[in-house]
Amino acid sequence: MAVNGCMRLLRNGLTSACALEQSVRRLASGTLNVTVRDALNAALDEEIKRDDRVFLIGEEVAQYDGAYKISKGLWKKYGDGRIWDTPITEMAIAGLSVGAAMNGLRPICEFMSMNFSMQGIDHIINSAAKAHYMSAGRFHVPIVFRGANGAAVGVAQQHSQDFTAWFMHCPGVKVVVPYDCEDARGLLKAAVRDDNPVICLENEILYGMKFPVSPEAQSPDFVLPFGQAKIQRPGKDITIVSLSIGVDVSLHAADELAKSGIDCEVINLRCVRPLDFQTVKDSVIKTKHLVTVESGWPNCGVGAEISARVTESDAFGYLDGPILRVTGVDVPMPYAQPLETAALPQPADVVKMVKKCLNVQ
């Protein structure tokens, strides 16, 4: 009865941090299906409870429960001392957070959209990312910058940009790009516990998607190591490397390609800085073909970096076809729905590129 009650809460989308914690406790012997939103909420709850130095700061994160309800129930549970609402001023949010981190606290700085992290980029890169190096290792800046990254639905140019490649470019930060619930939970908890800056690039569409959470991942001490990709779908004919919501696009494409007898290996990067190139390289050596999939623009993108590394490595000699990329179109994001769809990678785009790489019709 208790199990059924918990599952009803999950199905109805009424799970608060407290309810999810109770569900995990009661169903510890089995796998849970929860949304990415709830996985992040539970991870925040557990880390704030675990360490008195951890606090959440951002716009509408407290009394409103967060713009995407990631912080639902946390202000009521922990109060103003741990959950800080701020004015709409990303520069001040980032600067205050970096100062707090330099003075012994462990802030989780939420940007309602990573598009507006650019308002605080000086603090993120010049202060947080460089302090450890500039101090010859004497200073640590234990801070998490997190928020919705990339396109959602109908939010146009100024809320749709994918900043993965921007932050991947910068030394001094770790950059994680979760896909499913275990990614979101394990990487966020690892980020909070890290002694230097971590940028968590989440996806708004994924927030509402449900994924299984294994008994192991339900543990309050579950963390995922940085720089460890996951083979989301094993295969032998071609390697598809992707991240965040691009993994979902790639998996749908792989299902379609399987109908034609093409067996795709789909790699979920999970983290782009550090990048698990070894997993990519081993897969390319096995399949002898590579396609990358990302939502960001093509110039200087994640796929371009992976392509360069494969070309510069001994995996290049194993390739039986060109390295091809599926990316967002090189334009500011349109608002009109048909144009927005056309500007983003779709499963059909991946199918087409895989067949081109394999030289099949």
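For all residues, glycine too, the Cβ spot is worked out from N, Cα and C.
Site annotation (Swiss-Prot, ligand K(+)) includes Ala191, Val192, Asp194, Asn196; from Ile143, Ile238, Ile240, Ile245, the additional listed residue is Ile143.
In this view, the densest Cβ surroundings among the binding-site residues Glu90, Asp194 belong to Glu90, judged by other Cβ atoms lying within 10 Å. Sequence-ordered, the extra residues of this chain that approach the K(+) site, with Cβ no more than 8 Å from the Cβ center of Ile143, Ala191, Val192, Asp194, Asn196, are Arg106, Pro142, Val144, Lys174, Ala190, Arg193, Asp195, Pro197, Val198. Non-local neighbourhood of Val192 (K(+) binding site): Ala43, Glu47, Asp51, Val54, Arg106, Ile108, Val144, each in the same chain, at least six residues away, with C-beta under 8 Å from its C-beta. Cα spacing between Asn196 (K(+) binding site) and Glu90 (thiamine diphosphate binding site): 20 Å, rounded to the nearest whole number.
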